[in-house]
Every structure is written in structure tokens, then in C-alpha cells.
């Protein structure tokens, strides 16, 4: 791609997200979301592969549907109350419809069906952008809307997302689909605690970005897109495979890794809010996610091909990929649990 075109598209991605962050008017927030969507579509289709084009088309249709729902809901609220302010979305129909549209944008269950299919058709770099950056703008609107939204709707979205995110990943062999279901489950954890403690949602979102970025960058460096390719990765780069396995276990919430922190804090807060049944369901759903992460780690570490190679292993050669970003993300994904009191002090 022409570097000037690439610069314009990346700038548009940043502009759209920033515009949505800074907006208090629904029309400006909607414009930011659409600028963001139009910029990412060209980046998604740059491979000129049928699967990439199909994924781009599916993404466009879902995002266009969500955008139409948001515009309709905002107009309905303005007609009923005379308010375009995001924090004054008080009409019940408009509030519920907007929340469902934003849930469709970020891939919350039961509006999640597009996400595994779209992520499967993209390369790992675009999958990383779709799983992290593209969720920031809609999630900012969800955070602002949460006080005026029906609590039962948020709880239902959260529970369904964690359960479906866990069940959906059990029978998958494609790594991108597994990470898509992981994203759905993590979004469920964030959305269910949003109505009680928004600060915990922000902590969970930040740690999710660290862990997901580390996972995508590790798999990209290992050139792995299927589970069976992980079995041959150990002989090529043992250090990379070891850290990748730990990152995946961190995504699953296994202590003493970073991913345990948000789940522990959220379960603790749900218990304080007298919701033991909800906390129990969330904990059981976390076990489902942890199972398929353990399966991936098993495939990487304990199923090594019984052969030797005479070729020079890649870790002895000069790599052409920068490992600085991966190293920083790995530190965040693996070692932040001891800093829990410090992080809590910063947000509370």
C-alpha cells in the first residue's frame, strides 16, 4: 500500500476514535464511529484475498447496521426529550436500542456471530487492531451510557458473553477464532461490572489490551494460525513458545499471572454487591475459557514433533521483526499481578 494512503488511513483511525472520546453530542460521536469504520475497511481489504474481502464485507454490514440503530435511537431520544447529549439518553427504547447497537459493534453476545468469522479472514496484525483499538470508541460510549441503561440488560449481556465466549472456543482449532471467542468473554467480564464499579472496567480493559496484544504479536512472530502449527514451534523458538504459552494462560486468568487480577477483583465486587449467583456463573465460565487455553499450552509445550532438523533454527539468525513491542506487552501480560494494590490506588 502507498505509504501516504496508509498514513491517511491510520490518522483517520485515530481521528475517529478521538472524536468519539471527546464528544458529548450523539451526532459527533456517530461521525467518529463512522470515520473509524471507513478507515479500517480499506486496511482489512488490503490483502486482496477472497477471505479478506469476505471478512471486510461482513464487518461493513454489521457496523452499518449498528450505526443505523445508533442514529435511529439518538433521533428517537431527541424527538421524545429534546436532548442530543450522550449522558441524557433517558428514553427507555432509545437507551436499550443504543446499548444493543454498541454491543453489536464490540461483539457482545448474542450479537457476536460476526466476530469469529471476520477475525478468521484477516491476518494477525489486522486481527490485533480489530480486537483492541476498534473496541475503544464504542466502549467509551457504553461507559457513558451505563448509568441510564437497564441493569438487567447489562447483566444479561455480560453473562451471555462470558458463557458463549467459553463454550465457543472449546471445539476450535483456528487460533484467530479462539482469540475472537476470548475477546467476547473478556468483554462480558467488563460489561457486567460496569454498572457497579466503572473503574474496574477500565482496569480490565487495559489489561485485556496488554494480554491480547502480547498474544497476537507472539503468534505473528511464530507464524502460527492453527493449533497444529504450534506443535512444531518449540523446536524453532523455545523462548518465544514458552512466553506465548504463559500469555495464553494469563488470558485464561490463571494465577499468578496478570489475567487473574481483573477476574479476581470483579468476582470480589460482585460478591460485595450481593450477587453470589452471578459471581458463581462467571467463575464457572472462566473455567471454560481456561480449559481451551490450557489445551493450546499443552499443544505447544508437550506435543513436540519427534524429529531433529539439521537446518539453522530461526532464533540463531537475525530477525527482521521488532521485538520491543512484544517484550513490553509480555511484561504487562505476565507480571502485573504483584502491582494490584498500586493499580487499585491509581483508579480508586
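Note that Cβ sites are derived from N, Cα and C of the backbone, with glycine treated the same way.
Keep in mind it's a predicted model, so treat the numbers as computed, not measured.
Listed in Swiss-Prot:
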type     : residues : note
TRANSMEM : 3-23     : transmembrane segment
TRANSMEM : 25-45    : transmembrane segment
TRANSMEM : 60-80    : transmembrane segment
TRANSMEM : 99-119   : transmembrane segment
TRANSMEM : 122-142  : transmembrane segment
TRANSMEM : 150-170  : transmembrane segment
TRANSMEM : 178-196  : transmembrane segment
TRANSMEM : 200-219  : transmembrane segment
TRANSMEM : 246-266  : transmembrane segment
TRANSMEM : 274-294  : transmembrane segment
TRANSMEM : 328-348  : transmembrane segment
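Packing against the transmembrane segment (122-142) from elsewhere in the chain are residues 13, 16-17, 20-21, 29, 32-33, 36, 40, 43-44, 47, 52, 55, 59, 86, 98-99, 102-103, 105-107, 176, 179-180, 183, 187, 190-191, 194, 205, 208-209, 212-213, 216-217, 219-220, 225: each is 6 or more residues past its ends and has a CB under 8 Å from a CB in it. Listed by sequence, the residues of this chain that lie at least six past the ends of the transmembrane segment (200-219) yet keep a Cβ under 8 A from its Cβ atoms are 124-125, 127-128, 131-132, 139, 143, 175, 179, 182-183, 186, 189-191, 193-194, 225, 240, 243-244, 247-248, 250-251, 258-259, 261-262, 265-266, 269, 325-326, 329-330, 332-334, 336, 343, 347. As a quick check, the transmembrane segment (328-348) and the transmembrane segment (246-266) clear the bar of 3 or more Cβ pairs under 8 A, pairs 6 or more apart, so the two touch.
Tertiary proximity for the transmembrane segment (150-170) is limited to same-chain residues at least six positions away from its ends with a CB under 8 Å from its CB atoms, namely 92, 95-96, 99, 103, 108-110, 112, 116, 177-178, 181-195, 278, 281-282, 285-289, 291-292.
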